[in-house]
Amino acid sequence: MALQPQRPVCCRGTVSANSHLGIRSVLGLFSRSSLRFQEVTRISATPRMLGSSGYSKRQPRRGLIPMTKASNPRGFAPRPQAGTSIRKKDQNKVDEKEVSGSSSSSKHTLSSSGLTDRRVAGEAQTAEVDSSSRRIPSTVGKRRLDVLGETEQKSVAGDEIDQQNFAHRPSDDTCDAETDGQIAEIGNGGDGIGLRSQRVAVDHGDKEIGREAMTEQFSESGKEMVSVKDQIGRNTIAESMAIAGEKETKVAVSESNLDIIGVDEPPEAQDGIVYTTTDIQEALVKLKADMDARAHKQLVENLADQNFSRGNKVFVVPQIVNPDQVIKVFLNRSSSALANETDVLIKGAYNGWRWKFFTEKLQKADIKGDWWSCQIYVPKEAYRVDYVFFNGANTYENNNSEDFFLPVEGGMDEVAFEDFLLEEEHKKLKKLAAEQAEKERQAEEQRRKEAEKVASEADRAQAKAEVEKKKHGFNHVMKLASNSGHHVCHIEPSLFKGGDRVRLYYNRSCRPLSHAAEIWIHGGCNNWDEGLSIIEKLSQSEKRDGDWWFADVAVPGRALVLDWVLADGPPGKAVVYDNNNLQDFHAMVPESIPEELFWVEEENQIYRKFQEDRRSKEEAIHKTTEKTVRMKAETKERTMKLFLLSQKHIVYTEPIDVRAGRMVTVFYNPYHTVLNGKPEVWFQCSFNRWNHRNGPLPPQKMVPAENGSHLKATVKVPLDAYMMDFVFSERENGGIYDNRNGMDYHIPVIGGVAKEPPMHIVHIAVEMAPIAKVGGLGDVVTSLSRAVQDLGHTVDVVLPKYDCMNLSNVKDLHQRNSFAWGETDISVWFGRVEGLPVYFLEPKNGMFSVGCIYGRSDDGHRFGFFCHAALEFLLQSGFRPDILHCHDWSSAPVAWLFKEHYIYYGLSNARVIFTIHNLEFGVHNIGRAMTYADKATTVSQTYSREVAGNPTISPHLHKFHGIVNGIDPHIWDPYNDQFIPVPYTPENVVEGKKAAKEALQQRLGLKTSDHPLVGIITRLTVQKGIHLIKHAVWRTLERNGQVVLLGSAPDPRIQNDFANLASQLHSSHGDRVRFCLTYDESLSHLIYAGADFILVPSIFEPCGLTQLIAMRYGSIPVVRRTGGLYDTVFDVDNDKERAQAQGLEPNGFSFDGADSAGVDYALDRAISAWFDARGWFYWLCKRVMEQDWSWNRPALDYMELYHSARNKTS
């Protein structure tokens, strides 16, 4: 059978024989300097012939896979090397490198895709053909056939060299061998041209750029071409053209890539086929893809054989798994528990089954054996892949219940993944918060619209009612207008309408104004609806039938009826009036708008006015509320910073605000601690109340800070931290600790993804403001509970249900249930007081239906019963509180009843906190509670020191703490106080207090003058220093001041004594002193606002709230230095350093001793400052208002105490 030349299927064109060839560089792989080639890429062209029956007689074709020398077909012999510009010894070196490189690269590696991209050692860089399409003349084609035939003969000799090179390759390089022999076939008519690209090794200086790196560079730049490694000794295109006698082609070698350029257009186009370089490139790319696919398949089959022979039922490709990569998982079904299953699926997740679950179905793999496979994407967050196989139902192959897993290299580790999860949680929380905020905004907008609708309907109804009321009065006026006589008044012309100008005549004969020198009209319209709108002076008329006077007036536009009276002068100066015998004068407007239309317009006008007034009020309330919230937030922020800096002389952080995910430096000064003088100080730190998932940080030796007095240590705060906890020690592993007297150091962390779990606190007390208040205990229970609740914790209050209780301040009061205890039934009522949930216990034995809270001989028995009933209620109701907080002697039994009985039952989780408000009462109960309580407090630090020597307290000083009480900023708020004339803030304190002082002076009948005013608000007892109060009153009067006293005495003798003093002073100094010997809530607010000074000369004062309220209203406290007064008032002359140590400024005047000289020392300085330094005094008023004496800071201290008690081992 004859051989028939056929056109190849892979290419449609080739380069013209007459083309000028050059090599164009593509920048980016090498620099231009110091480049030299050790080998030059060559392209040889060989004819392609289809096989026939006589093919064996013809010249043999070179196979795709090189054969050994022994098996060479006839005609294959070593080919002499074509001439190049490189010396033969250099080529030999390159050959040696190539052989050694091939031997060392026997391992199969995969690209980042993990599927088909496999780099083969010795793979050549590609030359790109970049020329325009050209037509090849037929004459050139014929000549080329001759040349190609000649070239092929020369190339046959080179095959022997190829075979020798391949003979030295290991058997594992089968895929390489397959790749090396590939021929790209192109043709023109019957021509076939085989293009071979030979490897290029580029030496840049002394460093050879590896072939894999070069291939990767080409791949990344998007210029992938077929790289077919061939042997040295092949003819380049230039050499082939030279042999054919064609024009020599210029070859330019680039630094980075090889690209054929400069193909000239032939002199004239001949009939034939157009071939483009794009066609060549596409063919080469397809060829490369085919070779890679075969190589990859061979790799997979090898791995399958190896794993099967080792008894492995699973393997993956690539064998090294990287993140952000697609891998292929293979399962040998016959070796697994799914051998008889039709469907095989994989189910998995990442990082210990914690991240992104997936399920994929496996397909039969195109390799020998019962292998099934599927592709899995490995995300960039993965450090391991966990998976099992199953049949889609309940049959699993799970590696003998241990699951399969793959380590992922080069990505996150477990710690980094935990941080990533926290970041994701943070994003999720932020998204949820934004969504919740949007929902709340929309709900608020909906509520606003509904409220506006209801209010608008109410405005419309009120407008209708107002119109009906006006109609009734208007009908009466219309009757009067129709009966008006023209002999006294008349109007010309008789027909007129609104907006016209008319002349009104008045006959004063026999009228009240008959002798008036002037006559004025005071008029309006529509029953004086719009007030006085017509004022004109009348002139005397020439009419002769009476004493007529007239005035030209403008008729109001909407007038139905004109109304007027006459007077002897203009408004404000008139004395005599003619008002038509108290009925006024009226005249109908003949051509007015229809009455029905008038009333419609009138209703709309009234409706609009109601709306404007209402919205104006709402806007004012909204602005006030916004400002109140803003000021409250700003105050809280300032207080938190003061809290963080309260021990700056010992410890502080930079930055002050510790943020999650950031670095923080802790500064520590051991001088004032137990570690003073120690050669080393170690920093021991953890997070989240020592319960962080990663445990404590390794101890860190502190180093000197730049300021010289402090040591420092720096740590990174985890993203899931909400609290930073630390102590200091003298050694790495212990020794002496500075742990803040057992409380440890704690600093809140902001911006974290985790929030502190809320605690559950239950107050068991017998007082609660404002429903059952006798003294300060009731204020503390309510205010402390609200402040702790505002911090995000759960607070409940248990209280007796007194029959004398003020239930008007209890919202939603209802009976919840009842239980039996103590031989009686106890009803449980529930309601809310000041936003707090309160449970009221009402025993049916009538124990608290006695008309009072205190004062009975059986108070101890009654309150002991209540404490036991409260614990029983908590137990039977299933409460599990963290903290039981009891107060004073009255609820002290809770401490020992809990520890002796209820701790062994369901309340075992609780800790007991006991607070002493006043040690003067119930000492026995207080002492017993101190023994059983986990922590105990009193209401100020100084008072805790003052009572430390008491035998009831002294054995328990290790758990005894002083925490200053606060005031309720909602009750005592000069910006929202209904009892003072002008609301004020620190910005307008002077104006606000001036208005309040004038109102106070007017209310009490004092002289309204600019004098210093001293206020005294107190119970009149010996404890409160009544002898000092009397002296202060006389001293203030001597200094030309005013005094207001509000208070009463439980002792009748003291009450009578002050009543007599009041009578004396009211007689002698009635315009400068006033005693109000009772309690008046509204007056107390006005005194706090209107007084310049508030006097508190207590002999002892556990805490005291009077001085705190005074400063809230900008009044300057004058106090005796004792208990809580000393802790809260810092003398302007003597306590600057003490105030600064607490982050405060001096805020008042104080004195020692309990005699008149001490009072004079403080009071004289205060009054002198008022007279002599008024500007400074006003500045002091502003400063004390800005200090936060609310429960913001005490609540933080109590939470520290609660947590410390929770960490205590029972």
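Even glycines carry a Cβ here, placed using N, Cα and C.
Keep in mind it's a predicted model, so treat the numbers as computed, not measured.
Residue ranges 434-459, 616-641 are listed, and TrEMBL annotates 434-459 among them as region 'Disordered'.
Secondary structure of the domain 'Carbohydrate binding module family 25' (661-750), assigned with DSSP and counted as helix (H, G, I), strand (E, B) and coil, comes to 3 helix, 42 strand, 45 coil. With helix defined as DSSP H, G or I and strand as E or B, the domain 'Carbohydrate binding module family 25' (499-590) counts 0 helix, 39 strand, 53 coil. Averaged across the domain 'Carbohydrate binding module family 25' (499-590), pLDDT in this predicted model comes to 93. Note on the region 'Disordered' (434-459): DSSP counts are 26 helix, 0 strand, 0 coil.
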